[in-house]
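*Asks:* Please read through the structure below; I'll follow up with questions.
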């Protein structure tokens, strides 16, 4: 009982803290215990330690810790990537010598594939350019998506990169670069997840989820066979035990746990890795499911937060939309917009928020036509970047797929964009 309790407690603790760290900031979990724990661990607890240190050491300890923490959290470094690599390799080193002789040829074949795939996709996720935007790639990234006039508006410049920001892009404060179709910065791959490597990231999640589930189940089967070879009446789940064995006292719940512990102690290394795999499997599958859901919705982690911010604005009132030109004849400002993009649709609406809660005045010269309509729910807003699950998948796995033919000319006027870049640099200097 002691062995199984310690191993399970440690693994559950690590898994739960990882879940809180990764999911605590999600808009869907706002005002929940998970969000509260995230704020407690990452905001209130550090502030409390800072207050105590200021009282006892005049802040010397927290100054050093803050410098270290700033480097760990806000600078690009491979610490967590190395940890993830070691977690995979050390776990397999402890697991395989005991488990491998028990595998059939089929399990050895598919097991080898399951072991290798996470390493391949980890390398591709970490070392593939996520879609960094610079002077050489700016034209290409501008032609990737049109502005939707809801989350992304033309004419916004990055104050760090001195470039007009393409639609769906974001500047990463860790990588210090703008990234096309930015999803998030992932510390496990020491890289941003963007337009060019999101496919490898999803395949990394899928292969890791399969590996943990496959390895955990096979380890469970081996442990069960070992216990049942000596105690035939033992079953994997206590409620599967025969009524006769349960009623006779040969296998009550306490004895069932003792036999579990005995099975783990006969191969502690493999048993510990099996428990780690089984207990982390829901976390990995949940993360995979979340990212597939984002693909289904035609959005990203970054954009989902923007949508939730819009919902908060709608709850307060003062959000309005109106349609763009129905025939797509809107005249574009080619100084800040691409003439064409590879995307199959153009913006159908513009959405804005007003400070006074009243519709925008005509003097504001905002694009669109017709009357302004108050918006209270996200489902009343069209997501330009959701073109159906299949096409969304194509966009992720074939990031340069042309959904429509090019116009035979550059999507942007290089001279106009060059002037705009020059103005941006002068403003920031």
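Glycine residues also receive a Cβ, built from the backbone N, Cα and C atoms like all the rest.
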*Asks:* Quick test of your reading of the annotation: per Swiss-Prot, do residue 269 and residue 340 share a side of the membrane?
*Replies:* no
*Asks:* Looking at the candidate ranges 386-407, 408-429, report the one that Swiss-Prot labels region 'Disordered'.
*Replies:* 408-429
*Asks:* Quick one: sort out which of 4-24, 25-45 is the transmembrane segment according to Swiss-Prot.
*Replies:* 4-24
*Asks:* Can you dig out which of the ranges 275-295, 296-316, 317-337, 338-358 Swiss-Prot describes as transmembrane segment?
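*Replies:* So the range that Swiss-Prot calls transmembrane segment is 275-295.
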*Asks:* Taking 113-133, 134-154 as the choices, which stretch does Swiss-Prot tie to transmembrane segment?
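*Replies:* Transmembrane segment, as annotated by Swiss-Prot, spans 113-133.
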*Asks:* With Swiss-Prot as the source, identify the stretch among 160-180, 181-201, 202-222 annotated transmembrane segment.
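*Replies:* Among 160-180, 181-201, 202-222, the range Swiss-Prot annotates as transmembrane segment is 202-222.
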*Asks:* Given 59-79, 80-100, which one carries Swiss-Prot's transmembrane segment label?
*Replies:* 80-100
